[in-house]
Amino acid sequence: MSPETETGATSSVPRSLFDKVWDAHQVRAETAETPGLLYIDLHLVHEVTSPQAFSVLAERGLKVRRPDRTLATIDHATPTLDFAAGETPPYATAAAQNQVETLQSNTAQHGITLHGWGSGHRGVVHVIGPELGATQPGMTIVCGDSHTATHGAFGALAFGIGTTEVGHVLASQCLLQRKPKSMRVTVDGETAAGISAKDIILAIIAEIGVDGGTGCVIEYAGSAIEALDMEGRMTVCNMSIEAGARAGMIAPDETTFAWLEGREQVPTGSEWDAAIDRWRALRSDAGARFDHEVMIDAASIRPMVTWGTAPDTGIAVNAPIPQPRSPSHRKALAYMGLEAGMPVAGTQVDQVFIGSCTNSRITDLREAAAIMSGRRVADGIRALVVPGSVAVRAQAEAEGLDRIFTDAGAEWRQPGCSMCIAMNGDRGEPGQLVVSTSNRNFEGRQGPGVRTVLASPATAAAAAIAGHVIDPAELMEPAHA
């Protein structure tokens, strides 16, 4: 029996969702002198942050302790261009090819399941974990990737780790950790029509700042969060790190259970019934204490875009850019080529990217397709649509979404991280402005000198059609053929 089965244990002291999962996984409690020892239920691995960790195991003659609780895929360095069966994938660099082939070798040596070329579940690691049902409520989940918090949408405690820690988990299935503080962000009320999960999380980060959640695990709560589907909840939790948080979590509910039921790695029969009973206890108790509380009115949220080079520079698409409050804000405005007092709406666009672990799931693609249907990408604009996994791509094609995108003039790509991190050959050119559904708008994130505006799939798709940043509500009505 793994520790995640014990999260429903009763306690006389009101506990938060985070407390319950943390307590159930402590192998050894922390002291003033030493961190606690935390058991890890699921270790996700990809090609970029794992090679050095496997090398350390080889140097020390160690084996992977729990290959059955380790799941690998290739995503960061993989090309998204089509290629024929039997051909070598068109890697951008020899280093990228070496990373993929090294992971293939390491996983084969240690008996780890790898969703590589030819797998029906290859894709972005934070898409395929939930898709397979490997991500489940009450688990502890780690990955050598900043956006591991995505899996917190299922009531799991999920966070990114460094390469050294990747080695620790491979060798021991445990991590030395001090317990973070807790924060609850409550988004109550009803959002306006067309407001997406991406708009909600950009509004949250704009409210609390890029360091507002530092040292904390955030629990997202409130009626607007509960109203989100699972893909939307994953989008919210995905960007917790952009607020400085260690992780983000949402209590599991009937929406969660319905989404998980029948997936490849979830329990079945009586074991499923028992799991549901356990998972229902994964809620913060009445009276549970949080170190910080933030309240946000859902009705106040508008379609959001960023104007600067940090994720907390989100504003409503038609709102004026605020006056700079610091040298970093002045620098950001200069880099972006924008002016305070003017809205981001109307800014000319060069490329649009719809994808990433934030927004590459089937509901994200449907949202973008609804805008693009019957329309054409503006002249001179390049639009890339990159599904999050082979399975997402197949479902989108079954629904005809790929034809909507290609008929509009967008490029329909193979799955991968793609332009989010721009290490696979998908990137912008110096000086170009990219409207992106990814999670980071740092200088050069999508290529040297590239300027990034973060947005929802609907807002990104609308920018591709209009040729400039625009409120997607202006294109919500179906186009006439």
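Every residue, even glycine, has its Cβ placed from backbone N, Cα and C.
According to Swiss-Prot, the protein carries these features:
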BINDING   C357, C417, C420  [4Fe-4S] cluster binding site
If you count, for each of the binding-site residues C357, C417, C420, the other Cβ atoms lying within 10 Å of its Cβ, which residue has the minimum?
C357
Once the DSSP letters are reduced so that anything not helix or strand counts as coil, what is C357 ([4Fe-4S] cluster binding site)?
coil
Additional residues around [4Fe-4S] cluster, ordered along the sequence, whose Cβ is within 8 Å of the centroid of C357, C417, C420:
D75, H76, V124, H126, H147, G355, S356, T358, S360, G416, S418, I421, S438, N439
Return one of helix, strand or coil for C417 ([4Fe-4S] cluster binding site), based on DSSP.
coil
